[in-house]
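Marked as repeat 'Solcar' by TrEMBL: 12-100, 109-193, 200-295.
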Amino acid sequence: MEDEYESLPAGNPCHHHMIAGSCAGILEHAFVYPIDSVKTRLMCLQPVEEARYTGLIDGLKKITMKEGFMKSMRGISAVVVGAGPAHALYFAVYEKVKNTLTYDRYPLLNNAAYCLAGASATLVHDAIMTPVDAIKQRMQVYKSPYTNSWTCFRQVVNKYGFQILYRAYITQLTMTIPHHMAHVTVYELSHDIANPDRHYRPLVHVTAGALGGAVAAFITTPLDVCKTVINTQNTSIINELPKGSNQINGLISSAKAIHYLGGYKAFFRGAVARVVFTMPGTAISWSVYEFFKHTLSKGNFSFSSSPYSAPDIGCDSFLHDRQKI
């Protein structure tokens, strides 16, 4: 018989959401990282000839053949370090706000609750991921001068100051708040249609996660292009701009530079790569998150499931006792 599952009880420990979210975030970013590297290069306004790609497949092919597959993984260490705590806080805040604001008696108002929950979660998530993205994208560009993420972090901070890592924060929030509002709304509405009883159904979680990610990714591509230009601007771009435009330091100046150099079409550079990058990532993220949330809520998580695992340290009984508090 299928297990019934809706959401964790209101009094359940927050660390369940944080554990599930942390696992989901790390797996999501690691799985689709090569696609993210191509997306970053596609969004560069003035790439060198060797880094010009016609699309996602062409980019993956050229990077693998000319530079080696591992070049597409440059900067992943920064993402692994940041994605765990960022997603842990994201899902913890999202569940708290959603459970507080949603009511069965007023289902039509729940869409607004989903949007507000997504926006609230994004604020804490991006406080961690904005500097991570700044380091990651500097590592992903063609012939990056940095040997590893830690070296990149030290050299950038020493040269420009720590605040440089948050230069794209407002642009990031301008992009990610509507992105996650659209994302979680589509995800929750998909469940309202395909899984109204909120049972634990992995296929629904995967499909709803992918659909929500695809819709949100496409409509916010122009903002992602602006953020990428802010994080990766170089002298080749600055020199092409009108006199007096010697720095790109925010959303408006970035948008003006993009329009000046590439027209309106430039705002959707890398849109396909962004959608392809986002869909499997959000599908993995939500399915892994729902799996761990379901497992932890049932008290089925154990460190002694195989003869080679560590001795049982009483995790099941601990979680069970915590649920009684």
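Yeah, the Cβs are placed from backbone N, Cα and C, and that goes for glycine too.
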Rounded mean pLDDT for the residues that make up the repeat 'Solcar' (109-193): 92
Summary of DSSP states over the repeat 'Solcar' (200-295), given as helix, strand and coil counts: 76 helix, 0 strand, 20 coil
